[in-house]
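Notes to accompany the following structure.
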Amino acid sequence: MQTDIVRQVKSNPKYHELVSKRSAFGWTLAVVMLAIYYGFILVIAFKKELLSIKISETAVMTIGMPIGVAVIVSAFVLTGIYVARANSEFDRLTHEIVESIK
Amino acid sequence: MRMRHSLITLAALLGSTSAFADAVKGPIEKQATNVTAIVMFLIFVGMTMGITYWAAARTKTAKDFYTGGGGITGFQNGLAIAGDYMSAASFLGISGLVFSSGFDGLIYSIGFLVGWPIIMFLVAEQLRNLGKFTFADVASYRFGQTEIRTMAAVSSLVVVAFYLIAQMVGAGKLIQLLFGIDYWIAVVGVGILMMIYVVFGGMTATTWVQIIKAVLLLSGATFMAFSALATFGFSPEEMFKQAVAAHPKGQAIMGPGGLVKDPVNAISLGLALMFGTAGLPHILMRFFTVPNAKEARKSVFFATGFIGYFYILTFIIGFSAIVMLGKHPEFFKPDAFVNGVIDKAKLITGLSGGTNMVAIRLAEAVGGNLFLGFISAVAFATILAVVAGLTLAGASAISHDLYASVIARGRSSEVMEMKVSRYSTIALGILAMILGIAFESQNVAFMVGLAFAIAASANFPVLLMSVFWGRMTTRGAQVGGYLGLATAVVLTVMSKAVWVDVIGNKEALIGLDNPAIISIPVAFVAIWLFSLMDRSKRAEEEALAYEAQHVRCETGIGAEGASGH
């Protein structure tokens, strides 16, 4: 890529806005996913009887079941949250940056 | 005629976090020829051959071969990724694990899913904006092409080789079991079909094989799960209640059991699964098939949804099988009966064909012989889609990275590169068949775990640091990548899965089943240390080139576009 395009993009404040917003958002969501997953694994490793607690006295269903399914759903929801913001806000900023160098 | 077959169960998995449900283990005997399954499978082959013929006409350039022209939509790519990732052995293995130990199966499948959000947040768009055909394009973007591409190609080929051997051995055994044909014929058949798809149809054919397989597998599993749930009045509580009553372990199946034995092994396996997914060459390659970063992120969103949904289905299949298979005495071995009824204690061990057959048996229970044939054919199709993707990724590492960039130093013609990629596909296919047959009676359970560990310890650190750390240098990436690879391999050899189960020693040298918790930090620290110590002129230039890379990575300015058709 030509150096003048790089310089032009880098001097655009929107570029810095995009970079800082997106990286903060991406890393935050990554940390949330790590926390959910390793939280789940650590409970199993250290205090697994917590997940075997029944949801009511008469039920066989344990709280581990909905929690496990919730971890799966959370992975999908987190990617959805990222896509929703990236497709609107980040793509708009990217579009404006690309337009500005034409 | 009833044949006894003893596909070894995944019981070993309960005691070890290193064993992978993604590999089929142990000796099996072949089953009576299943005509319905073979007819259904031939229909699938006919359909995919038609697609390959159509794709071959569209595969003219290197871009067509590696990326299917780059015009695949995010939704299609999401399905193809799911088709690439959901292996037959994980469908059969995880539903079998749920059947034999309940909740532990859920823990296991969650590990395979959580890598996807990480791919979304940290690598998908970056790959699309910086890369062209292989993930080495991204890893080597501003670095010494020879050094980084060689390193990336070596670790990619090692990952592909282990993954492919495990799949081929699993394929041979499953097909033997499902279709009643000889092991070697099954392996050669899989090898030849995958070579035809990749050699003639390249990425376009591979993508469509994966999409069709994903649709068939998801709809088949959906039908099974819903039919099974219907018998419980769509009440999970009712299903769990009857399963607890029928299962020899009783209420214990409703919570974590022996899968996670200690925190260190649990975290190490989790790291390998989570970051390994983000370093698998055949998965990363799929991000070059879409036209832009927006479609790349849509791909991950759909893929995560499909894969997560699939794991929930396998969970329902495994649990309902606990109740439903017990109503079919014909599924059990003669020694499972006491006074003519199935002994509750033998529900798991007495299932004929072992627990890998749980999903197949449930298919027969809910949909009769026709649906059994369908699910068997889908399992075969699933194997084909996975091995085709792996072979394409391996061939690309040879032709695009090793041949075009390292050996020919960028002076090769596109025609020549295409030729090399096709010959590489054939060579890899033949090698896969030979190794598949050679490893028939070997214990290959460690191979998928090792493939994930290497992907997490060599490919992923170099890829991530090349994108996010401007100070990385060629030397740092090279040392870090090779060290990660070597550490993962050496530690795996010293672990129980190889040192005891394969080599036959009495005790493992280390208690760690999966090397990721050591090998991933080794790679990152080495990259960091050797980059900072690198005071060469080239290191300075590489740091300056980061600016331009960063701009392209963030905005997509200068990124590869889709081709005209």
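Glycine too: its Cβ is placed from the backbone N, Cα and C atoms.
Look at TrEMBL and you will find B:1-21 tagged as signal peptide.
TrEMBL lists B:37-57 (among others) with the feature transmembrane segment. Within the chain carrying the transmembrane segment (B:37-57), a Cβ under 8 angstroms from the stretch's Cβ atoms is held by residues 68, 178-179, 193, 196-197, 200-202, 204-205, 208-209, 212, 216, 372-374, 376-377, 380-381, 384, all 6 or more beyond its ends.
Remote same-chain partners of the transmembrane segment (B:78-99), defined as residues 6 or more beyond its termini with a Cβ less than 8 Å from a stretch Cβ, comprise 9-10, 13, 20-24, 72, 105-106, 108-109, 112, 166-167, 170-171, 174, 207, 209-215, 217-218, 221, 277, 282-283, 286, 289, 298-303, 305-307, 310-311, 314-315, 317-319, 321-322, 325, 348, 354-360, 362, 379-380, 382-383, 385-386, 389. Annotation source TrEMBL lists transmembrane segment at B:78-99 (among others).
Summarising the annotation, TrEMBL assigns transmembrane segment to B:105-124 (among others).
What TrEMBL records for B:151-171 (among others) is transmembrane segment. Residues of the same chain lying 6 or more positions beyond the ends of the transmembrane segment (B:151-171) and with a Cβ under 8 Å from any Cβ of it are 20, 22-24, 87-89, 134-136, 139-140, 186-187, 190-191, 279-282, 380, 383, 386-387, 390-391, 393-394, 397-398, 401-402, 406, 428, 432-433, 435-436, 439-440, 442, 444-445, 447-448, 450-451, 454-455, 458-459, 462, 477-478, 481-482, 484-485, 489.
Look at TrEMBL and you will find B:183-202 (among others) tagged as transmembrane segment. Within the chain, the transmembrane segment (B:183-202) has long-range Cβ neighbours (under 8 A, six or more residues past its boundaries) at 30, 45, 48-49, 51-53, 55-56, 59, 64-66, 68, 168, 171-173, 175-176, 208-209, 383-384, 387-388, 391-392, 395, 422, 425-426, 429-430, 432-433, 436-437, 440.
The transmembrane segment annotation in TrEMBL covers B:266-288 (among others).
For the transmembrane segment (B:300-325), same-chain residues at least 6 beyond its ends with a Cβ under 8 Å from one of its own Cβ atoms are 74-75, 77-79, 81-82, 85-86, 90-91, 94-99, 102, 105-106, 109-110, 112-113, 116-117, 119-120, 124, 214, 217-218, 221-222, 224-225, 228-229, 231-232, 239-240, 242-243, 246-247, 253, 331, 347, 351, 358-359, 361-362, 365-366. The transmembrane segment annotation in TrEMBL covers B:300-325 (among others).
Here the transmembrane segment (B:371-399) has long-range neighbours at 34-41, 43-44, 48, 66, 83-84, 86-88, 91-92, 133-134, 136, 152-153, 156-157, 160-161, 163-164, 167-168, 170-171, 174-175, 178-179, 190, 193-195, 197-198, 202-203, 205-206, 209-210, 212-214, 216-217, 220, 223-224, 281-282, 285-286, 359-360, 363-364, 417-418, 420-422, 424-425, 428-429, 432, meaning same-chain residues at least 6 beyond its ends whose C-beta is under 8 angstroms from one of its own. Annotated transmembrane segment per TrEMBL: B:371-399 (among others), in sequence order.
Annotation source TrEMBL lists transmembrane segment at B:420-439 (among others).
The feature transmembrane segment is assigned by TrEMBL to B:445-470 (among others).
The transmembrane segment feature in TrEMBL is assigned to B:482-504 (among others).
Sequence-remote contacts of a segment are chain residues at least 6 beyond its ends whose Cβ falls under 8 Å from one of its Cβ atoms, and for the transmembrane segment (B:516-533) they are 264, 267-269, 271-272, 275-276, 452-453, 456-458, 460-462, 465, 469, 471-473, 475-481, 483-484, 487-488, 491, 539. Under the heading transmembrane segment, TrEMBL lists B:516-533 (among others).
Distant neighbours of the transmembrane segment (B:420-439): 62, 65-66, 160-161, 164-165, 168-169, 171-172, 183-184, 187-188, 190-192, 194-195, 198-199, 387, 391-392, 394-396, 398-400, 403-404, 412; these residues of the same chain sit at least 6 beyond its ends, with a Cβ under 8 Å from one of its Cβ atoms. With a cut-off of 8 Å between Cβ atoms, the residues of this chain six or more beyond the transmembrane segment (B:445-470) that come close are 12, 18-20, 22-23, 25, 122-123, 126-127, 130, 135, 138-143, 148, 151-152, 155-156, 158-160, 162-163, 165-166, 269, 271-281, 284, 476-477, 480-482, 484-485, 487-489, 492, 495, 497-498, 501-502, 513-516, 519-520, 522-524, 527-528, 531, 543, 546-547, 550, 553.
Within the chain carrying the transmembrane segment (B:266-288), a Cβ under 8 angstroms from the stretch's Cβ atoms is held by residues 17-18, 66-67, 70, 77, 80-81, 84-85, 111-112, 114-116, 118-119, 122-124, 127-128, 131-135, 156, 159-160, 163, 260, 296, 299, 389-390, 392-394, 396-397, 449, 451-456, 458-460, 463, 512-518, 520, 560, all 6 or more beyond its ends.
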